[in-house]
Every structure is written in structure tokens, then in C-alpha cells.
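The following features are taken from TrEMBL:
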type: DOMAIN; residues: 52-239; note: domain 'Aminopeptidase N-like N-terminal'
type: DOMAIN; residues: 274-491; note: domain 'Peptidase M1 membrane alanine aminopeptidase'
type: BINDING; residues: His346, His350, Glu369; note: Zn(2+) binding site
type: ACT_SITE; residues: Glu347; note: active site, proton acceptor
type: SITE; residues: Tyr432; note: site 'Transition state stabilizer'
Amino acid sequence: MFNRVYRASVAIIRFSNQFYKKTYLCTLSKVSANEMPEVTNEVFQRLPKNIVPKHYRLQLKPDLEKHFFDGIAEIDVEVKSATNEILLNASDMKIHETSYLIGKQEQVNCSEIEILNKEERAAFKFAKNLPIGEGLLKIKFTGNLNDKLKGFYRTNAVDLNGVNKTYAVTQFEPTEARRCFPCWDEPSIKATFDISVIAKPISSDFVVLSNMPCVKVTDIEDDFKKYDFDTTPVMSTYLVAIVVGEYEYVEDKSEDGVLVRVFTPLGKKEQGRFALHVATKVLPYYKNYFDIAYPLPKMDLIALADFSSGAMENWGLITYRETCLLVDEKNTSSMAKQYTALVIGHEIAHQWFGNLVTMEWWTHLWLNEGYASFVEFLCVEFLFPEYQIWKQFLTQVYLRAFNLDSLENSHPIEVVVNHPEEIDEIFDAISYNKGASVIRMLHDMLGEENFRKGMHLYLTRFKYKNTYTEDLWQALEESSGMNVGKIMSTWTKQVGYPIVSVSRKPSPTNPNDTILELHQEKYSTAQNPVGKDQLWMIPIKIVTPDKKIRQEMFSTRQMEVVLKDVPMSDWVFLNPDMVGFYRTVYSDEMMKCLVKLVESKTLNSLDRLSLVTNTFALINAKVFVTKLN
């Protein structure tokens, strides 16, 4: 899911009597990093897995005028231990009838339905134990087409004649599928889905969409039609999607044969062509990058008038806010087009990383969002090298992550989630921006080939399954031979980031060598910072006038590095291109050398920006105050 909203802001940076006016802030449409969930004493228990779904046959009939829908769910289940109760998720609906079929022969009627509103659950109790083995759970229910932008909800639009219309769409992440149909609404409880929708077409532009292609349309009574969709792959409930309404579309096929359609509000079809161009190119890019084909026969992208997030990666039916998908070629700025390309790249990345392989629980959400927030820049760089998109990554993602993660009430990338009420709170800039920044650092540390091999191994090993963060580390360890888990746990499980202080001294044995003295501590602007004893495993990169890149792993409080054939008269610069997620503070002597490189523009623009932003951040933390002219 894409929740970043960019807005430009200008900060004036004074360096050597020159003025540089270039910095950007990005915000989240939902929450900021310092809005953490309230602590609750309530003990939350996840759904028991003594009964699990294998396949849903779901039929929905929305009433667009009266704002409700009727539903029938037939769920093939596997009973793993005999029980007389089935507990699943259901919210904001009335359950009319429930029965259970043992082995497709003996029917057992439900003797009691207990609705647990606070827990958003329903307990179906039966007069006898349901035996171990396969069974069929049948549920008839009615729900509300709500106006809360979650679950199965209604959205308003104005047609070409100025008439107000009501349509029906879904938004299920993180835990809103339960508002549409009774289900096991947890990401690790996957199943396949056969979805049917009964609706009355109101014009030739009327469409009914879901994750898979529509394979059959049947006329039924009162001008209604029944739309049957092909069976989905094994997937989580939060990725199911349905759209009912009037939309135009443009279509094309990717070079690997996937049908891509971009649906737009009536009269805006031409504004979908840029998105179509991007999507048809991104699909084969990711296929080649992951070395795994997109597993569905089609991909739909649709612009919605009412949508809570920037976009949502529903498998095969990606939903977007209009401003995140539509591009008016005559009036849209270059920055807005770049933003649209990034959002599309982000959501299509999820088709593999999140949909094909899904986190076991919301604690590992950062795997979804941090990774997609990194690779979206890879694909946009490939498609539009003229954008110089990695420079924008630094200002829009990397530096923003520093700002938020320097707060005393920040949180680790990987947050333990217990109660579902906490889930929305972790969709923040730490999940997205810091997650993407440390993945970028990891990519650089491992190298492109090892990183891609590890990603292919991970996606192949766990396709259609669920994973923990450690599963990704294991795959990358196998591809690279490095202890990725040990290194990365210092970045994902700890709050904040380090300052690396660097000074130097001549080698006592060789006048042509220099010894760097490194020291690390947690960055903080507080007088008594929390976690001041933390240590990180920092991949240090060092560049000198000979342009050689030296790499060291810095995991202790202090370390010395011998720079062979680098005399004391040469300059030394750490963290070129701002790849490492740490601040650097130089001794006065080293800083004076670097200031001269800034004045002569010997350092590239990114490294000059690094010096400026580091200097201001360290002065703000009262680490040092230095004269720069």
C-alpha cells in the first residue's frame, strides 16, 4: 500500500558564504512516526488454526441505491482437531443462516451464532463435534455498503450528464475483509477464491471487476447479471478486491503477454495512457529482475474518486486515488508524472513481494513496504533515466527517514504487533522510508548480483506462503555468504541510527599510510537519550583521492582502519553517495580539507549535500559547532 504524499519545502543552507536552497519533505497521509499506538492491557489472541479455510466461493449482490449487500459464502475447510465451534472474523454484518456439511454428505446445522462485536469475530457453535477432515461451511449474510472507505464501501461519482452515481468498491488492508464477508482475516491464513457478483448494469460503461478475469456472465431475473470470475491463486484475504461501477479503460499487453488495463472515471480515459505505458513496461522489468513471471493472466489498474490511501496492491486489481494514477499530458508537471510512475512501480512490486510471498503477521509489514519503497526507484530509474530518480530518493525518502528517526519517540522498523488496532499505526514513514533506506544500504553491501540471487531464492522458496523477516535474511545469506541476519537485526530492531566520528593520525610504521580512528554512538538531540549504549553493524565505505572505495564492517564502539598509500595530506570521505544510514562527524582538520573540496566542487553534488545535512544535524544535536569559512 502506498501512503506517501510528497510536498516540497525549502530550507536555506548556508555553506562557505554560498546559499543552497534544496531540500524536500515528505509526509504520510495517515500517520507520522511519533504517533504510536496506545498501550492496552487487553491480551489479544489470534484466530485458532484447528480449522482453516482452503477455498472460498463468495457471491455478493450489492444494492447501490439502498447501500447494502447480500452475500453467500461457501468455504471449504480442513478440520485439524475435532471441535464443535468455528471461530472466524466478521464485522458490521448480519449473519442469517449457517450450516456445515461433513464430507459433502451429512449436514450439521449451527445451534448458536455468537457475535463478538468488540473482537470483530463470530463464533458458530454446533450440536456435535465436527470430525477431523474436510468440510463445507455455508454462511448467508447481509452487510452495509458503508461510507468509511474500508471494507465493501460506496463511492460517489458524477457521470458525463452531471448525474450523481453510487458505485461499490473494496479496501481490505489491513483487516477489513471481515466487513465484506465472514473469513479468516489474517495474512497467514491463505486460500483460493471463486468470486461472483450479481449486479444490474446501468449503462454500456458499467463494469464489474475482481482479481481474476471474468469467465462467465449470466442473465438472471429483473435485468440483473451474474459475473463469475476465475479462481485466484492462494492468497491472503486482504488482497481480495471488487469494483462495481461505470468506468472507461485503455488496454495493452506487456511484452510477456499479460493483459494490462487502466480504468478511469468516465471522460478521463486518455489520462490513463501514461499509467498504461508505465505498467506494461514495469511488469517485464520485474519479471526479469526477480526471474519469476507474474502469475496472473491480467492486471487492472483503476482510479477511484474516494480512496483512503495512495494506492492498494490487490492482486490483479490495483486500486488508486485518482491523483496517483491519472496524468493529463497537457497540464501535468514532470514531478507529478514521476510520482505516478513511482506509485505504479511500488504497487506492481507488491505483486511479487507481498502478494506472491506475504508476511506471516503484521509485525513483518516493513518487508512489504520497505522493500517496495526501494525497488520502485529501481524500476523508475530503468524506465526514465532522465529523471535521475535516486537523487530524489535521497531528498524525499532517505533524509526524511533521518528526521523522523532522530525523535526520541521513534520506533524500530520492525514493530511487534499484537492487537489489530495497532496495525494502522505502523503504516508510517519508518516502515516506508527508513525501511527503504536500509534495504538500499543492504543492496549496496551485498552487490547487485548477490542481492538479486537472494531475492529470487526467497520468492521461489516461499511462493504462495508466508514468511518472517528472518526468512529473507537467510536467503540473502545463502546468496552472499555474509551474516545478513546479524547485521540487519541491528538496523530493524533498534530505534534510531548511529553517528560515526572519524579522526586520523599518521601511521607509526609507514609515512605513506594513514590510520582512521572511528567511534560510533546513537544520534540524539536529547540530553539523556534512550538507548545510548546501542551499537550497529555499520557497512563503512571510504573514498580517497585515488577514487578507490574501501569497505569495512564497523560493529564495535571504536575501531582503527589503516589506509594503505593514503598520506595524511590526502582528503578522506566516508559514506559516498549517502548509501549508509548513518551520520558522519569529522575532526576539524579533516573537515577543513573537505570544505575546500566543496568550494572547488571536487566532491559530487550528493556528497556535498551529505556534508551540509550532516553538519546541520550534528550542530542540532550539539555534537560540535565548527566554523566553515
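Placement of Cβ uses the backbone N, Cα and C atoms for every residue, glycine included.
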Mind giving me a neighbour count for the residue listed as 'active site, proton acceptor'? Other Cβ atoms within 10 Å of its Cβ, every protein chain shown.
29
Tell me the Cβ neighbour count for Glu369 (Zn(2+) binding site), meaning other Cβ atoms within 10 Å of its Cβ, over all protein chains shown.
28
Express the distance between the Cα positions of His350 (Zn(2+) binding site) and Tyr432 (site 'Transition state stabilizer') as a whole number of Å.
13
Could you please provide the mean pLDDT value for the domain 'Aminopeptidase N-like N-terminal' (52-239)?
96
Can you grab the distance from His346 (Zn(2+) binding site) over to Tyr432 (site 'Transition state stabilizer')? Cα atoms, rounded to a whole Å.
11
Quick one: pull the CA-CA distance for Glu347 (active site, proton acceptor) versus Glu369 (Zn(2+) binding site), whole Å only.
10
Cα-to-Cα gap, Glu369 (Zn(2+) binding site) vs Tyr432 (site 'Transition state stabilizer'), nearest whole Å:
5
How many other Cβ atoms are found within 10 Å of the Cβ atom of His346 (Zn(2+) binding site), counting all protein chains shown?
30
